[in-house]
Amino acid sequence: ASFAEAPPGNPAAGEKIFKTKCAQCHTVDKGAGHKQGPNLNGLFGRQSGTTAGYSYSAANKNMAVNWGYNTLYDYLLNPKKYIPGTKMVFPGLKKPQDRADLIAYLKQSTAA
């Protein structure tokens, strides 16, 4: 199923998901340093593997994914299947509602 078929996302619910499943390795704060994973500020419209100052896997650089609603929706289902060789150890979010909520939060919170 694609993002077009996903339920509407709830940013408040997405923030809770981010805090429990993503914030250990990522931040969304503009100007903040990288953690275990890259800072996600400015995520939408950016190409994978291009955030300055973060050491990406060759897989993330070579995939050259342009991050947006559709690519994030597919990636967050199963990151290691979407980008084989990624350093991200997160197994993914199986529920379409969880992915839609997280993407709604990321769209709001990462606007540069």
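These residue numbers are counts, starting from 1, taken along the chain as shown.
Heads up, the Cβ atoms here are built off N, Cα and C, so glycines get one too.
Model, not experiment: these values are computed from the prediction.
All protein chains included, Cys22 (heme c binding site) registers 21 other Cβ atoms within 10 Å of its own Cβ. Taken from Swiss-Prot, the feature heme c binding site covers Cys22, Cys25, His26, Met88.
What Swiss-Prot lists as N-acetylalanine is Ala1, and the listing cites experimental evidence. The Cβ of Ala1 (N-acetylalanine) lies under 8 Å from the Cβ of Pro96, each on the same chain and at least six residues away in sequence.
Swiss-Prot lists Lys80 (among others) with the feature N6,N6,N6-trimethyllysine, giving experimental evidence as the kind of evidence. Of all the Cβ atoms in the protein chains shown, 16 others lie within 10 Å of the Cβ of Lys80 (N6,N6,N6-trimethyllysine). Taken residue by residue with DSSP, Lys80 (N6,N6,N6-trimethyllysine) is part of a helix.
Lys94 (N6,N6,N6-trimethyllysine) falls within neither a helix nor a strand when secondary structure is assigned with DSSP, and so counts as coil. Swiss-Prot lists Lys94 (among others) with the feature N6,N6,N6-trimethyllysine, giving experimental evidence as the kind of evidence.
Sorted by the number of other CB atoms within 10 A, the binding-site residues Cys25, Met88 start with Cys25, the lowest. Within the set of recorded positions (His26, Lys94), the lowest number of other Cβ atoms found within 10 Å of a Cβ is recorded at Lys94. Across the structure, Cys22 (heme c binding site) and Lys94 (N6,N6,N6-trimethyllysine) place their CA atoms 15 angstrom apart. Across Cys22, Cys25, His26, Met88, which the record gives as binding heme c, the greatest C-alpha separation is 11 Å.
Cα separation, Lys80 (N6,N6,N6-trimethyllysine) to Cys25 (heme c binding site), rounded: 16 Å.
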